[in-house]
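Inspection log for the structure reproduced underneath, given as structure tokens.
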Amino acid sequence: MSAPGSPLGSGALIRLVAAREVSTRLRDKTFLISSAVMLLIILGVLVFQVVLGSGSDERRIGVTGDSAALGPALEAQGEVLGLDVTVVDVADGAAARTAVETEDVDAAVLDGTGPDPELVVRESDSTLEALVSGAVSSVALGRVLAEAGVAPGDLPQVSVTALDQTSAADQQRTVVAIVGVVLLYSLIILFGQFVAQGVVEEKSSRVVELLLATMRPWQLLAGKILGLGALGLAQIALIAVIGVGGALAFDVVDVPGDLVGTVGWVLFWYLLGYALFASLFAVAASLVSRQEDLASVLTPASLVLFVGFFVAIQAATNPSGTLAVVTSFVPGLSPMVMPVRQAAGEVAAWEVGLAVVLMLVAIALVVRLGGRVYSGALLRTSGRTKIREALRSGRA
Amino acid sequence: MLEFDGLHKSYGDHHVLEGVGFTVAPGSMFGFCGANGAGKTTTMRIAMGLARPDSGEVRWRGRPLDEGSRRRVGYMPEERGLYPKMRVGEQLTYFARLHGLDAAAAARAAEEWAGRLGLGERRRSRVEELSLGNQQRVQLAAALVSRPEVLILDEPFSGLDPVGVDALAEALLEQCRAGVPVVFSSHQLDLVERLCDAVGILARGRMVASGTVEELRRREAGRLLRVVAPDAAPGWAGAVPGVRVVSERAGDTVLELAEDTDDQVVLAAALRTGRVTHFAWREATLVELFREAVADPAQRTAREEVAA
């Protein structure tokens, strides 16, 4: 008899199972389409931000006569109001009106440095009016002061002390965290479902008997969860790289360091959340033998996941509220609530540490008890298995 | 030797196995028969580690089957199990790898077995697209693809057409000739009789008979003698000492002879009545042996008392 292959260790078996899961999913249309949709959404959000940013903040202002004094003043005022002002020279009043009517410019200033300045706009625009009158009066004021022999530097200057220096950056990080949590929630649901469907498929097609003749239940479970987990991580990382890269390239965010930090934490919490929920889903799925029965056993775990998602969205508006603080420690809810709190910058290091430890304890418990349920229920193909029966006959 | 030794298993109050034991020599084929629910599947699942016996063990080459040695066993479960959406070739490669073959060897073995079992053209089809018969072949290929040292097959012939049965039988005989002990269960007793070197009959959780078909025939007391003497008067055979008439109809009699009765004496008595057109020992078929073996013991005792 020819020699069979060398006996496989746990590592090799788990890798084989994981590789099969990955290659099966990579050819699965549902997976490919959902991945494409998620990428499109992220790209869409980016493009939307870029269009919003560039479209609304630019103003072209026509100026008759000499724009040497008024031009820089208009630009300076624009900067104060957050507008990007471009000054265009126009020949005279008639040309200015034509330029406004043909939408060549947004507004035109006639005789801006003279005694009787006039602003021509298509329709009343308070921002532009404030911008232009500010610029015109500052030029006039400068001239009057110069004529009176006062140097502009003698005027008192206002110095600014911001009490909350990071508020704008905080807001941006919170938005990133919310986008991250939406992704994290969808991917945990998606990949948790994949794990659950895989377990039921193996049970309903009875292929599990052949598999368990070559490996232990925990090796099968580990291979499945790790394989799909790696795929999910690759997907969320790809989305993160494209999102962050795009945001930096198009200048949508101001503080790159904060953005990268927040994204990093979302990835970290994805890993913990996936580990917990994928195990829960797998164990629940092992109790039934038909895909039709799957929804009912997955409901409790899905509900926890949904509550976490809901609280996280709430926490974004009130990150230091009691609800957000308490739930950010509860295993199962923490992967979604904690990144939002962290992004808002309201969390001490020990709080994060505690939430992580609690989550790890929960994962260890689910894997240990769940592993027994899984192995006990896997070979029972008659209808629905009760958890207690499965625990009794488990052989992890 | 593949040894099943003293297997006991009960689910609650229901005793499924009560001391099942038999041995299969390398290079021999063992047919496992028994009524539905007799415990055949449970016995095989215990060998594969899919059920735990309350006591007893299964040994291969003198050592209890464990995780490692089970990987050298080719197994075909009663309820067929394959990934429905996986392609035939990939599926076979996967199972070969789970049994420890490296990637290249697994791919070669998958190709080889798909070809041998007539699945060459369907290698790239998904299992769910195949006919039931072809799915069965894939299932067998999955059991054979890792070049197992032992084959344990639960109802491998069920659902196959005669051509499929022949192909499968040929594949199993080939494995046997290569020195692999083969255990398979079947309700098709003619097949078991044709293929197997040894037969075990399971009833009510016990092995009620095991051995070669010949041994079973010999052990089963009271072979039957059929004599056709058209001109004989009714009751002619009853007068011969040591002969019991099992049935008699218009000169066609079936007789059961006592241990020391000479069949030639019976022939002489028959010839005295006139012409004899038929005189032959009737070989019990495995079906009859099976019926006899699994019959309720109470009825059997009653019949033996009548005979005596």
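The backbone N, Cα and C atoms fix where each Cβ goes, and this holds for glycine too.
What TrEMBL records for A:30-52, A:175-196, A:225-250, A:262-285, A:297-316, A:352-371 is transmembrane segment. Residues or ranges marked as domain 'ABC-2 type transporter transmembrane' in TrEMBL: A:30-367.
Counted over residue pairs 6 or more apart, the CB atoms of the transmembrane segment (A:352-371) and the transmembrane segment (A:262-285) come under 8 Å in at least three pairs, which marks the two as touching.
Long-range contacts of the transmembrane segment (A:30-52) within the same chain: residues 179, 183, 186-187, 190, 194, 235, 238-239, 242-243, 246-247, 250, 252, each at least 6 residues beyond the stretch ends and with a Cβ under 8 Å from a Cβ of the stretch. For the transmembrane segment (A:225-250), the list of distant contacts is 14, 17-22, 25-26, 35, 38-39, 42-43, 45-46, 49-50, 53, 179-180, 183-184, 187-188, 190-191, 194-195, 198, 256, 259-260, 263, 266-267, 270-271, 274-275, 278-279, 282: same-chain residues at least six beyond its ends, Cβ to Cβ under 8 Å.
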